[in-house]
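Have a look at the structure below, then the notes.
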Amino acid sequence: PPPGRPYMDKRGILERLDAGEVVIGDGGFVFALEKRGYVKAGPWTPEAAAEHPEAVRQLHREFLRAGSNVMQTFTFYASDDKLENRGNKLTFTGAQINEAACDLAREVANEGDALVAGGVSQTPSYLSCKSEKEVKATFKKQLDVFIKKNVDFLIAEYFEHVEEAVWAVEVLKETGKPVAASLCVGPEGDMHGVPPGECAVRLVKAGAQIVGVNCHFDPLTCVKTVKMMKEGVEKAGLKAHYMVQPLAYHTPDCNCQGFIDLPEFPFGLEPRILTRWDMHKYARDAYNAGIRFIGGCCGFEPYHIRAVAEELAPERGFLPAASEKHGTWGAGLEMHTKPWVRARARRDYWENLKPASGRPLCPSMSSPDGWGVTKGHADLLQQKEATTKDQLKQLFDRSKTH
């Protein structure tokens, strides 16, 4: 199929999925923008939408060009309780950040065939054991902006506990807009041990029409987890569409807490990055599992999404615009000046390559931290004040004993 963008298609997410079409998501904005110098690792908050709109707009454009059909508003962790957590001082309010993010996503979505998804994620309030009413109020504040800006659909994503995700879905459902819900869990289930199949059933019963997982694990693990969700939903006699937005990192050594337990998180993960060819396999595995909303999370750059779009081009009938600058399976290397590089212009070369890390004596796997701390544990109570030196010393001492 020729590169380019199909006609302006403003059908909604459910119409597309009901028709059996592939919807391609975007990538992990907080990680991509942190590497570019616009997001602070630690709080991971999205004030760049208001502070540096040009950076956020450009990243949206790159994902659109790579084949994304969904522009997710850059509102990850934009609830007020997160924006004001642990000494994080911002010059913009939560409402201003959320509004700016919606405007940028809509502006770029209108440049092509993309829908705008407003996203909410887990809250410090929940981790600090606040009430259902208080947690739902934090979602409602973000939701008010999404309604005002008329996003196309809503995503509750990055939830470690299905209970909080259900609360989010219940709030989002009140709008009447389509609701997707994705947990950051693996095959072992949520942080309180609820299995993936049961998690999915609860989310569907709460009103989510699309369920799945995002973040925390590599594509292989995430696809496996969504398969378990699908089995659970079908066994319960329910119906849903399925989504997957994994990490762009290999995480075979993760425990149930995912990549944040890896000692390399977040500044030493580069050796684990998936190649574009790994992404071809991911896209095919997800498609074969019956997943039709296929995107990415932390670590995903536009070229990864382009690989997903290229793998699924036969099903979709077209290539993304960015394929103008990319030969299928390395075909562009036919134009290289060096003969040994021209010899790599073939699929079997790239499909069978085992990339070296170039790091002598480095292990291929790590030992996750595994502190076993989650909601309900005193150590997870959040605070508005900055973390003190004494609090840090206790953590440093503890990490030495692990």
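Using the three backbone atoms N, Cα and C, a Cβ is placed for every residue, glycine included.
Noted in TrEMBL for the protein shown:
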type     : residues         : note
DOMAIN   : 11-312           : domain 'Hcy-binding'
BINDING  : C215, C297, C298 : Zn(2+) binding site
REGION   : 382-402          : region 'Disordered'
COMPBIAS : 386-402          : compositional bias 'Basic and acidic residues'
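If one looks beyond the region 'Disordered' (382-402) by at least 6 residues along the same chain, the residues whose Cβ comes under 8 Å of a Cβ in the stretch are 81, 84-87, 124-125, 127-128, 369-371. Surrounding the centroid of the Cβ atoms of C215, C297, C298, where the record places Zn(2+), the chain contributes additional residues within 8 Å, namely G28, F31, Y158, C184, N214, H216, Q245, P246, L247, G296, G299, F300. Summarising the environment of C298 (Zn(2+) binding site), the number of other Cβ atoms within 10 Å of its Cβ, over all protein chains shown, is 28.
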